[in-house]
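Asker: Shown below is the structure under consideration.
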Amino acid sequence: MFKLNLKIALRNLWRNRGITFINIGGLSIALAAFILVMIYAAYETGFDKSNPNYDRIYQVGRSMQDLKTNYTPPPLAQAIKDNFPEVEAVGKMKSGAFELPLFTNEGTVFTQNFLMADYSATQMFKIKPDYGLEKPKGESVSLFLPRAYMQTLFPHKKDNKPELVGLASKSAGQSGEVIGSVFVDPHSNISFDALYISNDLGKGEDYGFNNYQTYIQVKKGTDIYNLEQKINKLYQTELAKNSGNDDRFKSTTIFLDPLKNLHLKPKTGSDANYKVLISVSVLGFLILIIACINFTNLSIAQAAKRAKEVGVKKVMGAYRVQLAIQFLTEILIQCIAATVLSLIFAELVLPGFNSLFLVNLTIWQSNSSLIWQLPLILFFITLIAGIYPAMVLSGFKPAAVLKGNFQTSKQSYWLRNSLLVIQFSIAVIFITGLLIINSQLKYMRTQDVGFKADQVIYVKNIALFSDPAIFEPIREKIMKISGVKSVTVTNSIPDGSKLGTNTYAVDAKKELISFLDVDFDYFETLNIKLKEGRPFSKEFKTDAVNSAILNESATAKYGLTNPLGKTIRGCDMDYKIVGIIKDFKAQGFEKAVEPTIYTLKNPCGNPKTMIMIKIEESKMSETLASLKNQWLNINPKDGDNFRYQFLDQLYGKLFQKQEQLQSVFFAAAILTIFIAILGLFAFAKYITNGRIKEIAVRKILGASDLQIMKLINTSFFTMVILANLISWPVAYILTKKWLGTFAYRIEMPVLPFIISALITILLTIITVSLQATKAVKAKPVDALKYE
Amino acid sequence: MIEIKNIEKYYASKGVKHYVLRHVTTSIKKGEFVSIMGPSGAGKSTLLNILGMLEESTYGQYEFMGEDVTTLSERKRIELYRNHIGFVFQAYHLIDEMTVYENIEAPLLYKKIGNSERKSRIADLLDRFNIVAKKDLFPNQLSGGQQQLVGIARALAAQPSLILADEPTGNLQSVQAEEIMELFRKLNKEEGITIIQVTHAEKNAQYGNRILHIADGVVKDDVQVG
Ligand SMILES: Nc1ncnc2c1ncn2[C@@H]1O[C@H](COP(=O)(O)OP(=O)(O)OP(=O)(O)O)[C@@H](O)[C@H]1O
Ligand SMILES: [Mg+2]
């Protein structure tokens, strides 16, 4: 029985191979998208999951009035360990994005992301150096490097003995010991490219040194909320003991953030990853639904054709279930074919997907859950796509279908059309969304951001230049190189980095504002416009001491109408305001420009290390070459290597997330409209085939070709219009919400709505007309002869 | 075998009842060969469909082999199809996607007949109807008469005790029609299969042993022949 049904199913599919192909093709594309989304989701939710204590590790964080941070003081860890038996282990880490060159005679590497961890933290996170880890003795620190770095530094190394590497620069003459290599799990929240392991971290530092990440591992069944309260209480008492009655810490509370949330939605960071994951999952799901709808629709459209078979089989003694299973089997066969194809498609687009999302996924990982998920998906799409047609087809009454002139019911007619409308609605939402994203991105690319990053290079440097006097000779040497227009040094470049904040007072008004420490020629290098007053200048001796420049937002915040000459106080300093600059969007378009004070001298700021050089466009390459050649001479404290990045590229990275979104929407819009059109194509084919007799009769009665084309197109046309009407408000609300995430944005445009309507209507008419012409061109006699 | 009493069938449209059958009462015994005749639209097909349980009457009693059909569950009814009733249609209604062999095999599969038994029965039927050479062809590769032979073979495969045929020769030329009628007579005489057919041709009716004349939904005449 099954074998026969299978045979019939295959014959049926072959007979309608055009439509079968469309069905399978559409579904496989959608499935490919869905599979990618699934492995992406599995990857994103799987950080540190291989850790056996995954569910029992928490990060300790501090919550202050307006911010949450994971920087905690070092004594806290030991205090937690000592007081709460339910805490099995505690670990401390400290990381920094401090670039340090390491070199041997064989090669040089630049570590960007060092991590200091105490021994128990490495145990907690299963960080295992390649030749094992001995607990460091006493105060000693063991340095481990990633395998790739070790390979560069010691290409001929065979043994597992420690080696010496040079630090910083040859002239500095410093060296350190590398114990060995370590595997850096890219799928872990703990990332580093240089690892210092010590017995303990932050010895002698008290509760004021909030520079460490603290992790705890609790026993099974621990009440986390309760523990959180207890640790908070402990923190408060310890704090009181240590820092007396400092008001600032009173309102600080402790919270615990589970390891499983750290990658996607940490309490102390952005949940952008989580949002991306959710939206991508929804997209994948919608695309799959659209493809399933094709199945349902086409199977119902086929109903008239299959009705006779149902009737005959029933009078031969088939139960309804048997027939339903038969139809489900047919759909299952197609779904299996689609799954196989989809794996091939997924494999093909995976490289592009990886580079878009900056991940490195593969479909068949050894521990891939895809192996059991795929059959499950197969089962579900077969059900979704097949259950309704199976119910409808198997429900036919033999007497009705065997009598002849059989019509599928009005009910399924409505369903079919509603499903088409849904498909097109989803497609319209994506097209509209894509167009609006495009407009906003175009706006961001063409808008004046208030500064010019072109031809400005950011030079990495490890020497400290907080005092303008120390930087001056360096500047002079750089300026001598032909092509260099201006040079400055600062402690933060306009690449979206958040600036430090501090309280400053003008007159009696205290406000929390951002601060940036710059050097002479900062505004000139970035071509930032002055509103009033003057920029910093070497001619004014006081500028290096206590002059300040504010941006427009800051003057607005203080409500200053006549700011020049006023005094602004902060960080135990009295600054005189000498100039006001126009706001510039150092943080991109999402955040409003922050009120900022620019000073040359600021005891509260980080040291100035980031050099920016503006270079003439025509002399770019030779200037870079000269800088490279003379760097050791120009800036001996930085070491032997001239390392730079183009500022416009760094700033461009701020657009990356939105460009990612744009690509996702582009793919989604193309896929949804493609699959919907595919379905429409096959559907229109069925409908016109079913109406061939009607068309023939109408032609004999004198209808013109155009009238018949109109007749066939009308119902589809109405459906697309309806789909547009439905999706406009949805698209409007969603895109409005998205635009709302930008501080600087376009007005909601009307054009995208009109364009997506035009695109869908045009595609529909073309698709339907392609089918209709065939029916119209056919000679009426041929259609009527066989009746 | 069949007892019907006061069968009525009407279609209601806009509150008005359009009667197709009225007060039809008759009984058909095992081994009879009954022809139902009457003008077009008289209700012949409707009556046959009711007898075959494809349609339900709006009123009246129907007993099939001593069982009350009106209270029969869908499952029970299908059991009856599997074991007792074979249908032959004017439009043949072979399944286009199945070969001749598979069409005949289908009812046996539903009846869960074992593999070897199935094979021998089909071989028998193919042989008997002289269509062995055609067994791997699809319906659209056969002539109308051949298709109807396959249709009858399919109806017989499950060894039914009753065959219901609605104008089985309606689409056939007279020579082919005679052949089919001969076959029916033989099945009736030699195997004792009860046959009820709807026909327009007096000539075809003569092959049976009883004629029910229907007009306007009422049995006008019930005559024995031969
Ligand atoms: N679904 C229906 N709704 C309304 N009336 C119906 C329906 N089906 C059949 N009829 C009516 O019932 C009557 C009898 O139909 P039936 O098919 O039994 O006639 P018939 O005797 O077989 O005619 P013919 O010789 O042309 O096949 C006809 O008048 C027909 O219009
Ligand atoms: Mg009839």
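Sequential numbering from 1, following the chain as shown.
Glycine is no exception: its Cβ is also placed from the backbone N, Cα and C atoms.
Just so it is clear, the model here is predicted, and its values are computed rather than measured.
The domain 'MacB-like periplasmic core' annotation in TrEMBL covers A:20-233, A:425-589. Under the heading domain 'ABC3 transporter permease C-terminal', TrEMBL lists A:282-395, A:667-780. Residues or ranges marked as transmembrane segment by TrEMBL: A:21-43, A:276-300, A:321-350, A:370-393, A:414-437, A:664-687, A:708-730, A:750-770.
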Asker: As a test: from A:321-350, A:370-393, A:664-687, pick the stretch that has the greatest number of Cβ pairs under 8 Å with the transmembrane segment (A:708-730).
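Answerer: Maximum Cβ contact count belongs to A:664-687.
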Asker: Are there residues at least 6 beyond the ends of the transmembrane segment (A:414-437) whose Cβ is under 8 Å from a Cβ of it, and what are they?
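Answerer: Residues 286, 289-290, 293-294, 296-297, 300-301, 388, 658, 661-662, 665-666, 668-669, 672-673, 675-676, 679-680, 683, 715-716, 719-720, 722-724, 726-728, 730-731, 734-735, 738-739, 748-749, 751-753, 755-757, 759-760, 764 contact the transmembrane segment (A:414-437) from elsewhere in the chain.
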Asker: Which of A:21-43, A:276-300, A:321-350, A:664-687 has the most Cβ pairs closer than 8 Å to the transmembrane segment (A:750-770)?
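Answerer: The listed stretch sharing the most Cβ pairs with the transmembrane segment (A:750-770) is A:664-687.
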Asker: Which range wins on Cβ pairs under 8 Å with the transmembrane segment (A:21-43): A:276-300, A:321-350, A:370-393, A:664-687?
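Answerer: Of the candidates A:276-300, A:321-350, A:370-393, A:664-687, A:321-350 scores highest.
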Asker: Go through the chain and flag residues at least 6 beyond the ends of the transmembrane segment (A:370-393) whose CB is under 8 A from any CB in it; none is fine as an answer.
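Answerer: Result: 27, 31, 34-35, 38-39, 288-289, 292-296, 299-300, 302-303, 306-307, 310, 323-325, 327-328, 330-332, 335-336, 339, 363-364, 408, 412, 415.
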Asker: Please spell out the DSSP helix, strand and coil residue counts for the domain 'ABC3 transporter permease C-terminal' (A:667-780).
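Answerer: Per-class counts: 96 helix, 0 strand, 18 coil.
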Asker: So what pLDDT does the domain 'ABC3 transporter permease C-terminal' (A:667-780) average out to?
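Answerer: Across the domain 'ABC3 transporter permease C-terminal' (A:667-780), the average pLDDT comes out at 86.
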Asker: Please list the DSSP helix, strand and coil residue counts for the domain 'ABC3 transporter permease C-terminal' (A:282-395).
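Answerer: Counting residues by DSSP class gives 96 helix, 0 strand, 18 coil.
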